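Copied from Swiss-Prot, the annotated features are:
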type: BINDING; residues: 10, 42, 79, 93; note: substrate binding site
type: BINDING; residues: 10, 11, 18, 94, 95, 96, 104, 129, 130, 131, 132, 133, 134, 135; note: ATP binding site
type: SITE; residues: 18; note: site 'Transition state stabilizer'
């Protein structure tokens, strides 16, 4: 039986923090599926297609180098439903600090009640990526700041292009 893990998030954009989680997650499973949540009430900076492409280009080679199968999907329902759909028994969540832990523990408890076969695995962020959030990256990029220390090079380029084309709403 292969160990399938789901790593959910908005990935708007992919950050070095997300990449750190993936580098650790691929050691824990036979297949990692990154699931991009689609929330009707939110207007992401990058389209779903752009985020899928980013996730595949940035995370795919990391999984391949580790000998881990990789997949990417989207979902617009409960995260546990997305996990069940891909056959995942592991839910990967990254933690930056105690605030993340408190929130993620609540979610993990609810998920465990709804889907007892899916186990949440918390991966603490490496020291160098703990302060990074996608929200802060978007804000810095929107103000013309250099985000190259916080995101993979191709994501920094995509952010620069996105904001050079005119400030997204």
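From the backbone N, Cα and C atoms, a Cβ is placed for every residue, glycine too.
Remark: of the binding-site residues 18, 130, the most isolated position is 130 (fewest other Cβ atoms within 10 Å of its Cβ).
If you take the C-beta of residue 42 (substrate binding site) and look for same-chain residues 6 or more apart in sequence within under 8 angstroms, you find 10. Taking the Cα atom of each, residue 134 (ATP binding site) and residue 93 (substrate binding site) are about 15 angstrom apart. Sequence-distant neighbours of residue 95 (ATP binding site) (same chain, six or more apart, CB under 8 Å from its CB) are 101, 104, 122, 123, 124, 125, listed in sequence order. You'll find the Cα of residue 93 (substrate binding site) roughly 10 Å from the Cα of residue 18 (ATP binding site).
A straight line from the CA of residue 132 (ATP binding site) to the CA of residue 79 (substrate binding site) spans 23 Å.
Separating the Cα atoms of residue 130 (ATP binding site) and residue 79 (substrate binding site) is a whole-number distance of 24 Å. For the binding-site residues listed here (10, 79), the lowest count of other CB atoms within 10 A around the CB belongs to 10.
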